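Peer 1: Please read through the structure below; I'll follow up with questions.
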Number of protein chains: 2
Amino acid sequence: MIILKLGGSVITKKEAPEPTLDHENLKRIAGEISDSLPSSLIIVHGAGSFGHPLAKKYRIGAPTSLEELQRKMMGFSIIQRWVKILNIHVCDALRKEDIPVVSIQPSSFILAYNGRIKHADPRIIISYLERGFIPVTYGDVVLDTDENLKMSVLSGDQIIKYLGETLKPEKVILGTDVDGVFDKDPKKYPDAKLLERIKSLKDIKYQPGKSEDVTGAMLGKIKELLLLAEKGVNSEIINAKKPGNIKKALLGQKLKKTIIDGDI
Amino acid sequence: MIILKLGGSVITKKEAPEPTLDHENLKRIAGEISDSLPSSLIIVHGAGSFGHPLAKKYRIGAPTSLEELQRKMMGFSIIQRWVKILNIHVCDALRKEDIPVVSIQPSSFILAYNGRIKHADPRIIISYLERGFIPVTYGDVVLDTDENLKMSVLSGDQIIKYLGETLKPEKVILGTDVDGVFDKDPKKYPDAKLLERIKSLKDIKYQPGKSEDVTGAMLGKIKELLLLAEKGVNSEIINAKKPGNIKKALLGQKLKKTIIDGDI
């Protein structure tokens, strides 16, 4: 089994103020997945512009005052709607390639405590896999049993970590908009060097992606993947914006990447 | 707590060959719900033209031969998509009335055996209710652990029965396109009389709705509600196409209806 993450920055125009799909990338990626379909695959996608601006606007994941509760609940409802619409687009693109996708809505089966998955029932996803379906799940908003927070953002990366440790896949691939993790910010420094392997947070000298992204951008990703590596499941970060990379990664062919590796 | 069912024949143009919303009815009903919102409410809606024609086309719920498996899996995926889109419309209409809805996708947390719910986790719905959200769930396709069937249709009515016996609401209201259950088919016989109370299938002299509806139309509904009444939860069938009826039913005001009553 392979778990493949499609980052929000890959399938949406992440910087757009409104939910905006990256049709072209999505179509190409669906084709690459179809060309190299493993016998067992789970796809997890991020929310990009369908989720992050709204999560920030409604302060989902921040402590909730009584005064803002009603507004925040409506925000939760609106975000749940938009990420579901993104999921429909992703499933449609994959179905056009004859991939038997099944949509799995995290907010229907996951509860969080203090922003982390506290209760989930993986049985349904396992059953779909056994039947030959390709489950497609995604970053979503979920209820939080912490009375202070009440609701939180569940990133696609945390889902990857949860599914990885629960299902023990052979491979976890994270498709992002960079070639992997660098020693400096590659968007600012052209001489930044790709780190081939990360075994701990100490391997990272700069603070990648210390941005306003509600899911913590690259640093959040690496933290989740290091937690996953501790459970014996390694993962690789690749650039899913470069044509051919998803296909190469699924087929186990050589490409630029960073491996997050727990074997110290 | 009240559980309110909105029949597929009420919120969609049920006889349409393509998925077609009944915008006007849906908008009016959302307004009525908002005007008489109980402190705790679950809404369950049917699939109507978003589900039934496709379920029939792909023979979901019928034994699955190996030859048709791939086609059927794609059908499952397509139906799951369309009922999700209907659910988005329903949630949008309710959210426009400032109701804090949360969508609950049955195929993300329910497994069936031989067409009946076998495994489900109601904890999430309970948590949403406790937080003041209005869960909106719906008739969907689900995996079936029966090797013969592999997939089945989960009707909104079966969900009503499941949620009713699990959550023990004060009231279960079924909004349909008729005033209740009649002694003859009211669409054919103008002198048909409304049955005020049904305690067993013997109370029904004709076979109402022996149509091609994959969820068994009115007869299927009554069977589910009699099973629910056996568990001590009574329900009422009302005409949700008549303006004002949903509001009256939610407020406990007098209106034409049939009560399904287990107290013999």
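Note that Cβ sites are derived from N, Cα and C of the backbone, with glycine treated the same way.
Heads up, here are the entries from TrEMBL:
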type    : residues                                                                      : note
DOMAIN  : B:1-239                                                                       : domain 'Aspartate/glutamate/uridylate kinase'
BINDING : B:LYS5, B:LEU6, B:GLY7, B:GLY8, B:SER9, B:GLY48, B:ASP177, B:ALA217, B:LYS221 : ATP binding site
SITE    : B:LYS14                                                                       : site 'Transition state stabilizer'
BINDING : B:ALA47, B:HIS52, B:GLY156                                                    : substrate binding site
Peer 1: Listing them in sequence order, which of the recorded positions B:LYS14, B:HIS52, B:GLY156 have their Cα within 10 Å of that of B:LYS5 (ATP binding site)?
Peer 2: B:GLY156
Peer 1: How far apart, in Å, are the two Cα atoms that lie farthest from each other among B:LYS5, B:LEU6, B:GLY7, B:GLY8, B:SER9, B:GLY48, B:ASP177, B:ALA217, B:LYS221, the residues recorded as binding ATP?
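Peer 2: Max span of the ATP binding residues, Cα based, is 14 Å.
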Peer 1: Show me the subset of B:GLY7, B:ASP177, B:LYS221 whose Cα is within 10 Å of B:ALA47 (substrate binding site); these are the binding-site residues I mean.
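Peer 2: Checking Cα-Cα distances against B:ALA47 (substrate binding site), the binding-site residues within 10 Å turn out to be B:GLY7.
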Peer 1: Among the binding-site residues listed here (B:SER9, B:ASP177, B:LYS221), which has the Cα closest to the Cα of B:GLY156 (substrate binding site)?
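Peer 2: Closest by Cα: B:LYS221.
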Peer 1: For B:GLY7 (ATP binding site), what is the tally of other C-beta atoms lying within 10 angstroms of its C-beta?
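Peer 2: B:GLY7 (ATP binding site) is surrounded by 28 other Cβ atoms within 10 Å.
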Peer 1: Whole-number Å only: compute the distance from the Cα of B:LYS221 (ATP binding site) to the Cα of B:LYS14 (site 'Transition state stabilizer').
Peer 2: 16
Peer 1: Between the Cα atoms of B:ASP177 (ATP binding site) and B:LYS14 (site 'Transition state stabilizer'), find the distance and write it as a whole number of Å.
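Peer 2: B:ASP177 (ATP binding site) to B:LYS14 (site 'Transition state stabilizer'), Cα-Cα distance: 10 Å.
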Peer 1: Determine the mean pLDDT over the domain 'Aspartate/glutamate/uridylate kinase' (B:1-239), rounding to the nearest whole number.
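Peer 2: The answer is 92, the mean pLDDT of the model over that range.
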Peer 1: Do you know offhand how many angstrom separate B:LYS14 (site 'Transition state stabilizer') and B:HIS52 (substrate binding site) by C-alpha?
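Peer 2: Distance (Cα to Cα, whole Å): 9 Å.
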Peer 1: Take the mean position of the Cβ atoms of B:LYS5, B:LEU6, B:GLY7, B:GLY8, B:SER9, B:GLY48, B:ASP177, B:ALA217, B:LYS221, the recorded ATP site. Which other residues of that chain put their Cβ within 8 Å of it?
Peer 2: B:VAL10, B:LYS14, B:GLY46, B:GLY156, B:LEU174, B:GLY175, B:THR176
Peer 1: Go through B:LYS5, B:SER9, B:LYS14, B:HIS52, B:LYS221, the listed recorded positions, and name the one with the sparsest Cβ surroundings, counting other Cβ atoms within 10 Å.
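Peer 2: Candidates: the recorded positions B:LYS5, B:SER9, B:LYS14, B:HIS52, B:LYS221. Fewest Cβ atoms within 10 Å: B:LYS14.
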Peer 1: These are the binding-site residues: B:ALA47, B:GLY156. Which one scores highest on other Cβ atoms within 10 Å?
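Peer 2: Compared across B:ALA47, B:GLY156, the most Cβ atoms within 10 Å surround B:ALA47.
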Peer 1: Record lists B:ALA47, B:HIS52, B:GLY156 as binding substrate; longest Cα-Cα distance in Å?
Peer 2: 12
